Every structure is written in C-alpha cells, then in structure tokens.
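Features as listed in TrEMBL:
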DOMAIN    123-238  domain 'Phospholipid/glycerol acyltransferase'
TRANSMEM  12-39  transmembrane segment
TRANSMEM  70-91  transmembrane segment
Amino acid sequence: MGRGELPMVEKVLLGIAVVTLVPIRFVLALIILVVYYIICRLCTLFSAPNRDEEEDQEDFAHMGGWRREVIVWCGRFLSRMLLFVIGFYWISVSYRDIDLPDQNKSSSQNEGKDQPEEPERLGAIISNHVSYLDILYHMSASFPSFVAKRSVAKLPLVGLISKCLGCVYVQRESKSSDFKGVSGIVTERVKEAHENSSAPMMMLFPEGTTTNGDFLLPFKTGAFLATAPVRPVILRYPYKRFSPAWDSISGALHVFYLFCQFINHMEAIWLPVYYPSQEEKDDPKLYASNVRRLMAREGNLTMSDIGLAEKRIYHTALNGNISLPSVLHQKDD
C-alpha cells in the first residue's frame with residue numbers, strides 16, 4: 001500500500017476507516033499532544049532552560065525536582081497512550097540474555113569485578129531506525145533525549161516538548177563545523193549520562209536514516225566516541241497490509257494510511273548492555289561495527305553498505321525524477 005493502484009477491497013477498507021477511525025484517532029492524538037504541551041508549559045513556568053548559546057542549544061532536561069518527574073512520567077504515559085490511539089494496542093517487549101563476543105564478555109566481567117555492587121552506567125541507548133514511531137516507543141520506554149533538526153525547536157507544541165526531552169539540535173544544511181560541534185555535544189551528553197545518574201539519557205539512531213526494517217545500515221561513530229557502554233534495542237513492525245516503516249512515501253500520506261489501519265504491531269528486543277573492550281575504546285569504528293553486527297545477528301537483520309545518498313537516489317527514481325545530480329550533491333544527514 002502507498003504506491004500504485006489499490007485493489008477494490010483495500011479501497012473499501014480505506015473508505016470505512018476514513019469515516020470511522022481517522023477522525024477519532026486524529027482528535028484523540030491532538031488532545032494527547034495538547035495535554036502534554038500544557039503539562040510541559042506549566043512545569044517550565046518561571047524556569048530558565050539549560051543553555052549553550054555558542055552551539056544554539058537549550059533544553060529543560062537538566063531541570064530537577066518534582067517538575068522534571070512530572071514531565072518524565074507524564075511523557076512516558078502519554079506517549080504510550082498515543083501509540084495505543086494509533087493502533088499499537090499491544091507491544092511485544094523482550095529482554096534477551098545472550099552470550100556477547102569473547103572480548104566484550106571478558107570486559108564486562110572485569111567491570112563486574114571492579115564494581116561488584118553497581119555495574120557501570122549506560123552512556124546511550126542505541127536503536128535501529130525504522131519510523132518516526134520509534135521515537136514514541138522510546139519516549140514511553142525510557143524518555144531519553146534525541147538528535148533533532150533545529151527547526152523542530154520552533155514548531156508549535158512539539159518545540160517545547162522537544163526541549164523537555166533534552167533534544168540536541170542540528171542544522172542539516174549547515175557547514176561541517178556545525179556538525180563537528182553537534183558531535184561534540186552528543187559525546188559530552190553521552191559521557192554525562194555515563195557518569196551522572198541524574199543526567200538525561202541519550203537515544204541515538206546510528207544509521208542516520210530510516211530503513212524498511214529488514215536491513216541495518218552502516219553505523220556512524222558519534223554514539224561511540226565517548227567509549228561508554230551502550231544498550232542496543234531492535235525495533236520491528238510486523239504487518240500484513242501497510243508497513244509502519246517510513247520508507248518510500250510522503251510523511252502525510254504515511255500518517256494517513258497508518259491511521260486507516262485498524263491494528264498495528266510493534267516488537268522491541270532489548271539486548272544486554274554492551275561494555276566495550278579496550279580495543280573498541282581505542283577504535284570507535286570497531287566499537288560501532290561490533291555493536292552493529294550484534295544487532296544484525298540478534299534481530300535477523302541484513303547488513304547493507306548503502307547510505308543516505310543511495311537512498312535519496314532510490315526515492316528520486318521512485319518519484320520518476322531522472323535528474324539525479326542535484327540529489328547526489330545534497331549534504332549527508
């Protein structure tokens with residue numbers, strides 16, 4: 001669904017959904033969004049955000065006390081309610097106890113001997129990226145901070161919520177110096193989460209773009225530069241009619257079809273904390289590669305070497321545009 005002529009049965013089902021499901025889901029989703037915005041607005045009244053004027057960053061994730069508790073717990077609950085409204089009535093969550101690679105297992109055991117009472121803290125949560133729905137799931141599961149486009153901070157309703165999440169903002173079309181700055185901020189935030197139990201946790205999608213859920217693209221090293229332990233999470237969206245994976249159609253059309261689907265399915269697989277070996281700490285690329293291989297193996301995902309540039313070419317071809325030079329020269333996200 002989404003491209004090409006739809007069978008008559010699908011047209012009938014869509015027609016029924018348009019007059020029943022879509023209006024109800026749209027109204028309920030909007031109510032949830034507005035309610036959470038009001039909660040965030042009340043909790044941040046008379047509070048100044050944590051600012052980094054040099055990098056044009058600000059957030060409320062470093063705010064403590066009861067206000068922060070209200071923002072986090074309401075955010076987790078309402079995110080799950082929003083997924084329920086969209087049709088994710090049940091989410092299959094599993095926690096795997098697996099044998100990690102020998103070098104990693106020995107490192108983990110050594111850490112346990114050095115700190116028997118409390119294991120080394122996480123630095124970041126690492127996840128494959130299939131859809132914008134990934135963000136809602138992780139908000140409901142652990143309410144971490146994300147990397148987002150800088151324009152998100154200025155959006156109505158969503159802008160304040162993103163600041164309460166503690167998002168790190170990046171200008172995708174900016175010069176390379178900005179990207180180095182953002183990479184440095186992400187590394188600092190990962191280190192902060194690793195060293196401080198009250199610091200906001202970072203949630204990173206190291207692929208840098210979405211896939212159809214069957215593949216795992218090369219990992220960028222930003223999440224691994226801090227050399228802190230990470231928690232890999234694999235998200236899957238089993239489907240029969242319309243895939244919740246945001247792959248090859250516009251965002252508005254994807255949301256429409258998603259709202260028209262009576263039941264949506266999601267699976268989340270949480271792997272054990274991955275403690276890097278000394279060799280991986282010395283080589284972030286090796287660290288990223290090993291985590292990627294582990295996630296591909298445990299999630300039954302196919303590792304692919306394509307990147308965002310190839311994906312843009314593919315989407316351009318799907319849309320019937322054969323003028324590819326402009327696509328090839330777009331900056332990698």
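Yeah, the Cβs are placed from backbone N, Cα and C, and that goes for glycine too.
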- Task: With DSSP as the reference, give the number of residues of the domain 'Phospholipid/glycerol acyltransferase' (123-238) in helix, strand and coil.
- Result: 45 helix, 23 strand, 48 coil
- Non-local residues, at least 6 beyond the ends, that sit with Cβ under 8 Å of the transmembrane segment (12-39): 6, 70-71, 74-75, 78, 81-82, 85-87, 157-158, 160-161, 256, 259-262
